[in-house]
Amino acid sequence: SGSCSLKTCWLQLADFRKVGDHLKEKYDSAAAMRINRKGKLELVNSRFNTPTVEDLVYTDQSPDYCLRNESTGSMGTLGRLCNKTSEGMDGCELMCCGRGYDQFKTVQVERCHCKF
């Protein structure tokens with residue numbers, strides 16, 4: 001005749017797109033660091049704020065993904081197809097790294113499997 005209550009708590013991941021956008025934002029604002037003579041990390045540019053525990057930091061520059069680099073496994077972007085009208089990652093301006101690009105049109109003929 002006694003009563004009891006039950007509470008359940010759980011954690012749930014945010015939407016995958018939101019997680020990706022958040023990580024990209026952190027990546028884009030990561031702080032460049034170097035190791036000083038005492039073996040401690042310090043900012044490369046002291047004009048920026050000291051990073052918090054929530055910020056990303058790096059000591060090495062990212063490779064140039066526009067160029068082929070066998071040591072990193074990057075194939076570069078030379079010869080890849082791009083979308084002239086896109087402003088995203090697949091857009092020609094970004095993907096071609098300012099080198100310019102060739103334009104061409106293709107006609108694609110496919111069977112439509114239509115039924116009448």
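Every residue gets a Cβ built from N, Cα and C, even glycine.
Listed in Swiss-Prot:
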LIPID     Ser1  O-palmitoleoyl serine
CARBOHYD  Asn69  N-linked glycosylation site
DISULFID  Cys82-Cys97  disulfide bond
CARBOHYD  Asn83  N-linked glycosylation site
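Feature map: annotations from Swiss-Prot on the structure.
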| residue | record | Cβ neighbours (10 Å) |
| --- | --- | --- |
| Asn69 | N-linked glycosylation site | 13 |
| Cys82 | disulfide bond | 15 |
| Asn83 | N-linked glycosylation site | 12 |
| Cys97 | disulfide bond | 14 |
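A distance of 15 Å separates the Cα atom of Cys97 (disulfide bond) from that of Asn69 (N-linked glycosylation site).
In the three-state DSSP reading, Cys82 (disulfide bond) counts as coil.
In the three-state DSSP classification, Asn69 (N-linked glycosylation site) falls within a strand. Classification of Cys97 (disulfide bond) by DSSP places it in coil, neither helical nor stranded. Straight-line distance linking the Cα atoms of Asn69 (N-linked glycosylation site) and Asn83 (N-linked glycosylation site), rounded to a whole number, equals 24 Å.
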